[in-house]
Every structure is written in structure tokens, then in C-alpha cells.
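Data block below; observations after.
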């Protein structure tokens with residue numbers, strides 16, 4: 001019955017369908033068993049039980065305890081724990097304080113806490129999605145309008161919306177009055193969308209073009225409407241994005257994977273070497289206790305205890321440097337990951353472009369003008385055929401500019417030297433170009449006050465205003481009438497309503513040939529990626545306007561405007577090409593516009609195809625994999641398209657950075673190896689899903705961040721070379737002691753920890769601030785799958801470790817024999833302190849040599865004064881361990897004579913001399 005309240009049972013509700021935009025309003029009511037008077041409270045309660053609350057559901061993640069427990073799954077930490085237990089048991093058995101065991105346990109716990117702090121940062125992207133929901137909504141139930149919590153909405157509810165409301169669920173419009181909705185967070189399109197209830201759209205229309213539907217999380221800017229809810233909670237478009245977000249699994253970064261493999265190699269190698277040493281010791285008749293001490297020391301020596309902390313500091317330093325270059329790193333490992341990027345997928349608007357519409361071409365019947373200038377700054381030149389002209393000398397131009405300034409609802413605002421607009425960017429550009437010609441838009445609007453208007457709508461595709469001509473300006477043609485009607489909008493539609501045109505400073509009849517010439521000029525602008533507007537006018541005897549008045553118009557001309565590329569982006573794209581990085585444009589904009597901007601920036605070339613979202617949807621995985629190898633520009637894409645593009649690139653071994661600013665971008669940002677959100681225009685959801693935020697929304701900043709990432713990775717390789725080369729030297733030195741029959745372990749676990757944390761750690765921190773190689777962005781990206789030992793690093797560590805240990809073993813034998821001669825005041829066990837000191841001092845020379853492939857004398861000290869300071873400080877700390885009594889007792893060292901110290905210094909210099917000689921030979925050879 002007409003006007004009846006729906007009271008259908010729960011079983012009467014039909015299954016949800018996918019294409020609500022393709023149904024009529026009546027068909028939607030039938031599908032949902034709903035009515036304009038709303039559901040009854042009973043039916044709503046039944047449906048709430050069936051569909052659940054209108055909320056986003058979060059999957060359970062790892063608990064903090066689970067994250068902490070996972071840190072102890074590291075094989076190197078497990079080995080250190082075993083060493084601590086055995087060492088502590090031996091000390092307690094002998095009645096000694098277990099200082100070695102306690103020191104090792106402290107290191108293990110600190111490393112675990114450090115890992116926990118890096119991993120425990122909860123994902124907040126879903127929380128940000130939830131924050132987009134309004135708490136209350138106006139709904140019609142039991143034929144009565146009422147407010148209910150958003151969570152209580154169900155399919156079939158009739159919601160009532162007006163300006164300022166957030167859309168609480170996905171819904172099909174049933175009534176609308178001048179309804180405009182901001183969907184940029186969901187679709188990426190900046191302009192408000194005109195919504196109409198009485199449309200029936202094709203089934204394959206993308207979300208951004210579903211003008212008869214509303215989507216959860218979007219905002220009503222203007223007008224009012226009534227809509228029928230068809231999806232709630234996780235069934236909405238926002239819920240689909242939440243599902244995609246939670247389906248993307250976080251993977252370890254390349255550095256984390258390399259360090260895991262490094263741990264496996266080091267532990268395996270150490271265990272094999274320990275087995276060999278113990279086996280040989282047994283054959284030589286040595287005691288198990290001595291061999292156990294050797295094994296414990298070797299296990300501690302091979303583990304680079306200070307490496308996690310040094311890497312964290314290096315990444316933090318990189319983060320600070322990136323902030324200075326306008327990029328904020330949200331996840332520390334992303335700093336190094338940037339250095340592996342092989343492909344950058346960038347949005348167009350605001351990232352590659354200025355997000356400011358600029359009029360660049362103007363066509364009148366008699367002239368074609370080119371306009372220069374940047375953004376909304378009212379400064380630039382007008383040119384004809386490349387020659388600068390005076391705008392005021394061309395009446396056709398001035399009348400056209402005046403029409404654009406008057407038929408306009410925007411405002412041009414100056415704040416110091418910064419210019420911006422309030423209102424629609426398209427209209428703002430018309431004010432700017434008028435101001436470039438010397439027209440004061442505000443002043444012109446005062447002398448031509450608006451009397452009436454018909455606003456722009458997506459159906460009319462034009463805007464009309466009637467102004468009173470007070471006779472105080474020459475920028476109109478009164479023709480004896482007190483008012484003038486100005487019209488702007490779709491060139492084709494306005495041209496159809498014109499009978500005359502303004503040419504040769506006078507009115508002329510609009511012939512078929514002239515119409516064709518105007519349309520051809522508009523098509524040329526459109527093919528260059530420009531948004532084209534047509535302008536016309538008609539003197540009027542009355543101040544009112546309706547659609548019947550928009551006839552018998554006089555054509556003024558065309559203006560072509562574009563969101564101009566950022567001037568620095570062309571160079572950034574070129575730098576990417578030199579660095580072996582591919583740049584792709586992925587945008588929701590029109591294919592012609594996207595292609596024109598991409599060609600201008602050097603991203604693509606003439607003849608290269610553009611792939612649209614519709615074409616992409618029709619492709620299977622294999623077809624898409626083939627397409628992404630050659631396509632650089634993607635237009636009219638939806639969120640799932642971005643995700644598919646990223647996944648396809650990753651399947652082919654690409655390491656992908658993806659930019660985004662909307663809610664719709666969040667799944668792709670999370671899936672990408674590096675998700676890059678926009679700091680100015682980005683939503684909270686996109687920022688929480690990202691690894692990095694661009695503070696200036698600028699593509700060039702991504703390239704600068706990639707450069708910093710490469711520098712950080714290069715420095716990490718330097719101090720890994722330094723630390724592990726030294727550790728291998730320590731390991732081989734310790735292993736040789738029982739084989740040489742020296743009767744004692746040359747280094748205690750505590751002394752080894754000192755070397756690994758302090759002697760290695762302080763210079764390694766200084767290596768982390770090494771400046772980058774100027775040619776670093778002229779090389780191809782390093783393979784993210786490469787081993788930590790790749791490009792000669794593994795052979796370097798082995799070579800240096802062997803040479804280092806050879807020098808130290810010779811010193812150890814000499815020192816052992818030399819110190820057995822009794823001398824007053826000197827302990828015969830000081831040979832162990834001499835080995836300890838030689839190893840520490842030799843590592844200082846190693847740190848100086850490892851910073852560059854150039855000879856040290858060719859590398860200026862001023863480029864990294866921190867390294868020299870760290871060497872001096874570490875050497876002084878080592879001497880304190882040797883000569884300060886409390887430290888002697890704690891670390892088990894003995895005072896050295898001047899001769900002892902001179903011998904240590906002499907042997908420690910041998911490694912530095914060897915490394916410099918190796919570099920000299922390499923330079924001579926190549």
C-alpha cells in the first residue's frame with residue numbers, strides 16, 4: 001500500500017547486489033524491501049542481528065608479549081643466551097661473581113628491547129578509517145525522523161543528509177537537491193561531485209562516476225538528500241578498503257632479511273670453527289675446561305653485539321637528514337629500504353603537478369595567445385607566436401578575460417608574497433590570468449555587480465551570471481542594454497547557443513566554418529591535456545536569468561588550463577632515469593590529461609600507450625604482468641587497480657615506492673615496499689598506512705629520499721665490513737691460542753664484549769655519518785635480494801680477518817715469550833692485555849681505512865671529523881682499561897710498560913698499512 005511502513009520479515013530481505021547504481025530508485029526499494037517512510041524498529045533490529053553493527057572490524061594482531069617473545073627467536077641472541085648460561089654456571093661453580101654472564105644477558109635483553117620497540121608500533125591505519133565515521137545519523141524509522149548511533153544503521157534504512165554531514169554508510173540516493181559531495185578521500189578526485197537521485201548508470205561505471213550513490217566516509221558540502229542504505233560495516237567501500245589493508249601482510253625489509261641470513265652464516269661458521277678447535281685440542285690432550293672457555297670466547301667474538309644498535313642509530317641519522325629534505329620517515333627500516341627502490345609509482349595531482357590550475361592557452365576568433373607564469377601568482381606574459389604582447393591592445397582578449405573574472409565564485413588571496421585561491425581551482429585560474437593582464441577581479445566585480453545567476457551543474461555543464469553594467473568600465477559591450485549575461489562552461493554546449501562571435505573588434509555572424517575552427521582549437525587544447533572552457537555573452541534588458549535566456553549568445557573564445565607540472569619534477573624524473581629507477585604515473589584523471597603531463601615530464605614518450613582502469617579490470621594476472629613492463633601511465637584507476645599494479649611489479653622483482661593521499665590509496669601504500677603519503681593533502685588513513693610522509697607533497701622529495709637511502713645503505717655496508725672484519729680477526733686469534741699451546745684464552749668474554757660494543761661501536765657510529773658519494777645517483781639500484789656479502793664484502797671480511805689475525809697471532813706469540821721473563825712490577829700474564837690492546841688499536845686503523853676506497857691521504861679529514869674524534873676517544877678509553885685500577889680489576893687487564901705499549905702500537909699499525917697498500921695497488925691496476 002502506498003505510504004505504508006515496511007514491516008517485512010528478516011527472511012524477506014533479498015541478497016545484496018553489486019551494482020546499485022544501475023538500478024532505478026524503485027528497484028532499489030524492492031531489492032531491500034524498504035520504503036520512503038523507513039523501516040520499522042522491529043525490522044531494523046532483525047536486520048542488525050543479521051548484518052551486524054555498521055562498524056569496521058579489526059583482525060587480531062600480535063600481542064606485545066608475542067612481539068617481545070619473537071625477538072628471542074634470533075639465532076645470534078639464542079647463542080649468546082646459551083653462552084651466558086654456561087659461563088654463569090662455571091663462575092658459580094668456582095665461587096666467582098658471574099660478571100661475564102650478567103654482561104652478556106644485559107646485551108641480549110637490550111637487543112631484544114630494541115627490536116621490540118621497532119616492531120611494536122601498532123598499525124593505526126584501520127583506527128584512522130574508523131575515525132572517518134560520524135557518531136550519529138538522521139534516519140527515518142516508523143515514519144518518523146530521528147537520530148540514531150551510526151553503528152545501528154542497517155540495509156534498507158532511509159538516511160537524511162545535509163551540508164556538513166558525513167555519509168555514514170554506502171547508500172543509493174532517492175532524493176537530491178543541489179547535492180554536492182566531497183569524495184577526494186575515497187576516490188582521489190579533488191573536485192566536489194554533483195549527486196543526482198534520478199540517474200540510472202551502466203554497471204561498469206567506476207566509483208568516482210557513480211553520481212547516484214553515496215559512500216561511507218565522504219562529506220556533504222552543499223545541498224541535501226535522502227538515500228537508501230544498501231551496505232554497512234565491512235560491506236561498504238570503506239570496509240572493502242579495510243579488508244584490503246588487513247589482507248596485506250607486512251614483510252621484513254631487505255636489510256632485516258640480510259641480517260637474519262648474516263646471523264645464520266656467522267653462527268654456523270662459528271660452530272664449525274669451535275668444533276674444529278675443540279677436536280684438535282682434544283687430540284693435543286688439552287683439558288675440556290680450557291677448551292670450553294675457548295669455545296665460549298669464540299661464540300661471543302663472532303656475534304656483533306653492537307651491530308643492531310649501530311644500525312638503529314644510522315637509520316635514525318638518516319631519518320633526521322631526510323626531515324631536512326622535507327620527508328618524514330614513519331618506520332625506521334624504511335630509511336635503508338629506500339635505497340633499493342627500482343620503480344616509483346606516483347600520483348599526478350599535487351605530486352607531479354602543482355595542484356594549481358593555470359591558464360596556458362587562449363583562443364579568440366582572431367588570435368591564439370600563450371600565457372606564462374606559475375601557480376596563482378598574478379605575474380606572467382601574454383605571447384602571440386612567441387612574441388610578448390601588451391594585453392590591453394587586444395580587445396578580444398580583454399573581453400574574454402573579463403568574462404572569466406565576472407562569471408566566477410572564487411577569490412584570489414594574497415598573503416605576503418604567497419598567492420592562493422578560495423573556491424574552485426578552475427575558477428581561481430581565471431582570476432589569476434585576468435590579473436596578469438592588469439584586470440583587478442574584485443574591482444571589476446564591483447563595477448559589474450551580479451544581479452542573478454544559474455550555478456554550474458554536471459547536467460548543464462555551464463554557469464551563467466547577469467551583471468549590471470554601470471558604465472564604469474570598457475570591458476563589456478552594452479549595446480544599449482543595462483545588463484550583460486555572461487556564460488562559461490562546456491565549449492561545445494555554449495557554442496550551440498551562439499549566433500554571433502566577437503572578431504576584428506566587432507560582432508560577426510557565426511558561420512559553420514567558424515564553428516568548426518573553434519571546435520578544432522578546443523580539441524587541440526584537450527589533446528594537450530588541458531581543461532577547456534568556452535565563454536560567451538549577451539546584452540540583457542532584465543536582471544533575471546533562466547535557461548531560456550542562454551540563447552542568441554555572442555561567442556568570446558576559449559581558455560585552456562592545466563594543473564601545471566612542478567618545475568623541479570622534470571629534473572627529478574631525469575635523475576631517476578640516471579639512477580636506474582623507473583617512474584610510473586598512476587592517476588584517477590582523464591587519459592589525455594595524464595598522457596600530456598607524463599610526456600611533458602619525460603615519464604613517457606609519444607606513441608606509448610595509456611592503460612585505463614577499465615582496461616586493467618579486463619586483464620588477468622599474466623596479461624597485466626606483460627603490460628606493466630611497457631606502460632608508464634595509468635589513468636582512471638580505482639584502489640584495487642593500484643594494488644594490482646604494485647603486486648604485478650613485485651612479482652617481477654621490482655622494488656616499488658607508491659605515493660598516495662586518499663583513503664583509497666591505503667592498501668596499495670601498505671603493499672608497496674615503500675608507501676609514501678602526502679603530508680599536506682594526505683588523509684590520516686594514508687599516512688598511517690605509509691612508511692614515509694612527504695612534508696611538501698613533492699615528487700622531487702621522493703628522489704632526494706632515495707638518495708639518502710642509498711647513502712645510509714652504503715654506510716651500513718661500511719661499518720658491517722669494519723665490524724665483521726674485526727670480529728673474524730678476533731675469532732681466529734682466539735682459536736689459535738690452544739693450538740699454539742699458550743695455556744690460556746687470550747681474551748675473556750667481557751673483554752670481547754668491550755671490543756664488540758665500544759671499540760667497534762663508537763667508530764661504527766662515526767662511519768654512519770659519512771657523506772654520500774656525489775655519483776651515487778648515477779648508479780643502478782642495488783638488488784634488494786642481494787646477500788649482505790655481495791659485491792666483494794664477504795671476501796673483504798675474510799681477507800681482512802685473516803690478515804688481522806695473522807698480525808695479532810705473531811704479536812701474541814712474541815708477547816707470550818717476551819712476558820715470561822720476570823720483570824719487577826710487571827705481571828707475566830700481561831701478554832693477554834697486549835693482545836687485547838693490539839686488537840683494539842688495530843681496529844682504529846681499520847675504521848680510518850674502511851671509510852673510502854681512496855687512500856686516506858686522498859680523503860679530507862673535514863668530510864667526517866666525527867670519525868677522527870671517535871678514534872681518539874676509543875683509544876683513550878682502551879688505555880683507561882689498561883691503567884685505571886678499578887677498570888683493571890673488572891676487565892682482568894694488567895699494566896703495560898712503555899715498551900709493551902710501543903710493541904702493541906707497532907703491530908696495530910700493520911693492518912692499516914696493509915689496507916692502504918691494497919688500495920694503492922688497486923688504484924694502480926685500474
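Cβ from N, Cα, C; glycine included.
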Same-side membrane placement of residue 812 and residue 853 in Swiss-Prot: no
Helix, strand and coil totals (DSSP H, G, I; E, B; other) for the topological domain 'Extracellular' (737-747): 3 helix, 0 strand, 8 coil
Long-range neighbours of the transmembrane segment (865-883), counting only residues six or more past its ends (CB under 8 A): 754, 758-759, 762-763, 765-767, 769-770, 833, 837, 840-841, 844, 847-848, 851, 891, 893-896
For residue 730 (Ca(2+) 1 binding site), the one of 300, 301, 756 that lies nearest, given that the binding-site residues are compared by Cα: 301
DSSP-assigned states of the topological domain 'Extracellular' (280-291) in counts, ordered helix, strand, coil: 8 helix, 0 strand, 4 coil
727, 730, 759, 760 excluded, remaining Cβ within 8 Å of their centroid (Ca(2+) 1): 301, 304, 723, 726, 729, 752, 755, 756, 839, 843
The transmembrane segment (789-811) vs the transmembrane segment (899-919): 3 or more CB pairs under 8 Å: yes
Top Cβ-contact partner of the transmembrane segment (899-919) among 64-84, 748-768, 833-852 (pairs under 8 Å): 833-852
Spatial neighbour of residue 665 (Mg(2+) binding site) that is closest, considering only the recorded positions 300, 301, 347, 759 and their CA atoms: 347
Model confidence over the topological domain 'Cytoplasmic' (310-716) (mean pLDDT, whole number): 89
Same-chain residues at least 6 beyond the ends of the topological domain 'Extracellular' (280-291) whose Cβ lies under 8 Å from its Cβ atoms: 90, 738-739, 741, 743-745
Cα distance (Å, whole number) from residue 347 (active site, 4-aspartylphosphate intermediate) to residue 661 (Mg(2+) binding site): 9
